[in-house]
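Okay, structure first, notes after.
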Amino acid sequence: TFGGNGGSGGNAGLLALGASGGAGGSGGSALNVGGTGGVGGNGGSGGSLFGFGGAGGTGGSSGIGSSGGTGGDGGTAGVFGNGGDGGAGGFGAGTGGNGGVGGNAVLIGNGGNGGNGGKAGGTPGAGGTSGLIIGENGLNGL
């Protein structure tokens, strides 16, 4: 009846200073009438020092008359690095899924961009916040 949810991306280990977080898996599609698309997995967090957050997974498509899955959220960056982008909402044969939220930067880095809302009518995700010292906020999804 429902599309399966995507798995979350793995977090970079604390000693993996430059590693990025893993990307979230995509949500599964629901082929039956009324089935909701699966939720995209969240991106993993970046390494403790230099690491980018992983991107959120895309939401799954829905069956007729239901909602697309929500996109996964982007992962948080390490101290120096960019937040991961939020995943796009899934296509809805009723209502589109909402986009995921962009991951936040910590000290120096840009926030991740929010995911786009799924067709039709999904709400875009918000961009992540910039690092405290240098960086730009992520863009909101469309």
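For all residues, glycine too, the Cβ spot is worked out from N, Cα and C.
Source: prediction; values computed, not measured.
TrEMBL tags one of the stretches 5-27, 120-142 as region 'Disordered', and that stretch is 120-142. Broken down with DSSP, the compositional bias 'Gly residues' (120-130) shows 0 helix, 0 strand, 11 coil. Within its own chain, the compositional bias 'Gly residues' (120-130) is flanked in space by residues 68, 71, 73-74, 83, 86, 89-90, 92, 95-105, 109-114, 136-142, which lie at least six positions past its ends and keep a Cβ under 8 Å from the stretch. DSSP labels the residues of the compositional bias 'Low complexity' (131-142) in these numbers: 0 helix, 1 strand, 11 coil.
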